[in-house]
Amino acid sequence: MDLKNKKVVVLGFGKSGKAAVRLLLKLGAEVIVSEAKELNAFSSENLELFKSQGVYFETGGHRRETLLSADLVITSPGIPREVYTECLKKDIPVIGEIELAWQFLKNKEETIAITGTNGKTTTTAMVSELLKLSEYKVFTGGNYGIPLSELVISDVSVDKIVLEVSSFQLENIQSFSPKVGILLNISPDHLERYFSFKEYAYYKYKLFEYQNKNCYAILPFQEKWFNDFKNLINGQILFFDEKKNESAKAYLKPSEISSENGFIINLKDKEFYSFVGFKLLGIHNKVNFMVASLGARLLGSTKESIVKLINEFREFPHRLEYIGEFGGVYFINDSKATNVDATLQALKSLPGSVILILGGKHKGASYSPLIPYIKEKVKILILMGESRFIIAEELNGITETYMSETLSDATLLAIKCAKPGDIVLLSPACSSFDQFNDYKERGEVFRRLILTQAPLHFKEKKEELLH
């Protein structure tokens, strides 16, 4: 792809948009940034730097004339597809930043990419650490961390490339073909963007579309959509399973004897790894670690790196993050649970007596899969935010339920209701955009409220009892 003097429109000026602009400038393209936000939403220093290099900015919306005059359109994750539909009809190519970078990337054959509804970031970090412990120089990025374009711009030489990729990024790939592709799971999500659950699943499977027979496609055994989309898979298929399954290339091997509780990787020889020392909660995190290990082994990581990381890997903030215990009550921040399946996995991993804070911006999925777990484990349900009435109607009073408009009100109510032995869990099953910029801000607010208000509440309660 020769982009010298070509007119390229970049849709969106977020992290990946900026990286695409920098790469396009290096390639000699004529760059126009089209952004829905107004100019004053961006750092003037940033704007001036790009303007001085010849970048033209169109803000406050995407003009049809601008898009239809382009030789190429680079779209950012989350840009509505209707913005560029007419370009596709007129045969103007539309790709994402990750596809742009891929076309100019060296060392493609040393790339592993991870997608899935839940667990992408954790698994990406696990793969990256396994390869680093095996003494490789590793670039980690994509949807997680640094855009891939930054690696191409830098000309830095690396041994391995580890990428997290979302369904948004996979929508417009044309050649992206990692040596190892991992599909962790698919559950309903982003249904406000896609016509159906099946269409969402289709874009997840696109990860495998441009691989060849020398590549590997790792996915769950008996994955729901496999028969619908197996024709997209061109690499060698390797299944994993959370149950014992001799036909899978990786499977969990549970045991009541701790040293025998672990997982098997079954490539050339069977390799057993014990979960003794593993600190993350939930079976889903054990599956994530197992799959990360399988993927990393295919790219050359050592057995020793797996044993070491089992003991060293720590939880990420906002992912079943244990905040602390106050007054005999345990507080857990799972703000990253932005869909129903993530909340379901959180409830699976906890013993019971849960006070669950649920709600946020509704994403179109049903909350009914939570019902059996709420019945079994949740003593009090606190519904918050924009979606609280939708959730209340669907769950229909299956446990003691309260409504709160904001996360702050919900958290204070949870602290007030909690008794020794209870677990207060923020696991919203919704996005955060009704109240916050992202799940991180939501999680930080929750953590701050717990650390400041919970000790105070239980101290006052203790003093009342003493009097």
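From the backbone N, Cα and C atoms, a Cβ is placed for every residue, glycine too.
Since the structure is predicted, the reported quantities are computational estimates derived from the model, not experimental observations.
Lifted from TrEMBL, the feature list:
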- 114-293: domain 'Mur ligase central' (DOMAIN)
- Gly116, Thr117, Asn118, Gly119, Lys120, Thr121, Thr122: ATP binding site (BINDING)
- 318-430: domain 'Mur ligase C-terminal' (DOMAIN)
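Overlay of TrEMBL annotations on the structure.
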{"residue": "Gly116", "record": "ATP binding site", "Cβ within 10 Å": "23"}
{"residue": "Thr117", "record": "ATP binding site", "Cβ within 10 Å": "23"}
{"residue": "Asn118", "record": "ATP binding site", "Cβ within 10 Å": "24"}
{"residue": "Gly119", "record": "ATP binding site", "Cβ within 10 Å": "26"}
{"residue": "Lys120", "record": "ATP binding site", "Cβ within 10 Å": "23"}
{"residue": "Thr121", "record": "ATP binding site", "Cβ within 10 Å": "18"}
{"residue": "Thr122", "record": "ATP binding site", "Cβ within 10 Å": "25"}
| If you average the pLDDT over the domain 'Mur ligase central' (114-293), what number do you get? | 95
| field | Residue distribution over DSSP helix, strand and coil in the domain 'Mur ligase C-terminal' (318-430) | value | 39 helix, 33 strand, 41 coil
| said: Going by DSSP, is Thr117 (ATP binding site) sitting in a helix, a strand, or coil? | reply: coil
| query | Taking the centroid of the Cβ atoms of Gly116, Thr117, Asn118, Gly119, Lys120, Thr121, Thr122 (ATP site), which other same-chain residues have Cβ within 8 Å of it? | reply | Ile114, Thr123, Leu184, Asn185, Asn288
